[in-house]
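Enquirer: Below is the structure I would like to discuss, written out as structure tokens.
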Amino acid sequence: MPRCNNRAPAQMRPVRIIRHYVRHAEGSVLIEYGETRVICTASVIEKVPPFLKGAGQGWLTAEYGMLPRSTGERMQREAAKGKQSGRTMEIQRLIGRALRSILDLEKLGERTIQMDCDVIQADGGTRTASITGAFVALYDAIDYLRAERMISQNPIRDHVAAVSVGILKGQPLLDLDYLEDSGCDTDLNVVMTGSLGLVEVQGTAEKVVFSRQELDVMLNMAQQGLQELFDVQRKALETVA
């Protein structure tokens, strides 16, 4: 079936990362996966959660949210509802796990990196774009800590990025947009490190079960897309601050 912009099944949407997008944050980016746009910030907080006091290590946590008009129809703010949705909590925990997987928390010292990922326009893949962009924001926050001599060693061990893949009408597709995601038979989110280690695989058969062979096809397709995303991250980090 034809895709938007005539993309091939294994073709990513155009991806762009703009660093230093928010003036006050130690690290920040605007990331675009096609028409999906997310602002990711990294804030340095000079304390750790109570369960880590005196442990000699730091922490990283994440929050995720969507602007009310990031979607086709206005959503009510979760603050107005008085609680976060299960989806929001699931996504922000995923972002935190993904970034902690490549971070040496002992080298961070007793401080917290607070990640905030705010979707300003949604067209599928908001959680995967958040992870990919948040890594670059984290990298810049760590650069800040090193420049200020607050840490002596780089705690980042590897890159991390994420991409979606799915099966729509029997066809495996990489980097699903909203229409593809809402209509697909199978939906998979894959988080991987730059050394190609799997951090997380979230997979669901929405309408039709998928085989082990189809799973392997999707994972291979995701890995191909993730290698492109690592290149985008590296090129963004090579730009002059």
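In case you wondered, yes, glycine gets a Cβ from its N, Cα and C as well.
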Enquirer: Quick check on the annotation: Swiss-Prot has GLY125, THR126, ARG127 binding phosphate, so which of ARG69, ARG74, ARG77, ARG87 does it put in that site too?
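Expert: Answer per Swiss-Prot: ARG87.
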Enquirer: For GLY125 (phosphate binding site), what residues in its own chain, 6 or more apart in sequence, show a Cβ-Cβ distance under 8 Å?
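Expert: Set apart from GLY125 (phosphate binding site) by at least 6 residues yet with Cβ under 8 Å, we have ARG13, TYR33, GLY34, THR36, VAL163, SER164, ASP175, LEU176, ASP177, ASP181.
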Enquirer: Given the binding-site residues ARG87, ARG127, which one's Cβ is surrounded by the fewest other Cβ atoms within 10 Å?
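Expert: Output over binding-site residues ARG87, ARG127: least Cβ neighbours within 10 Å is ARG87.
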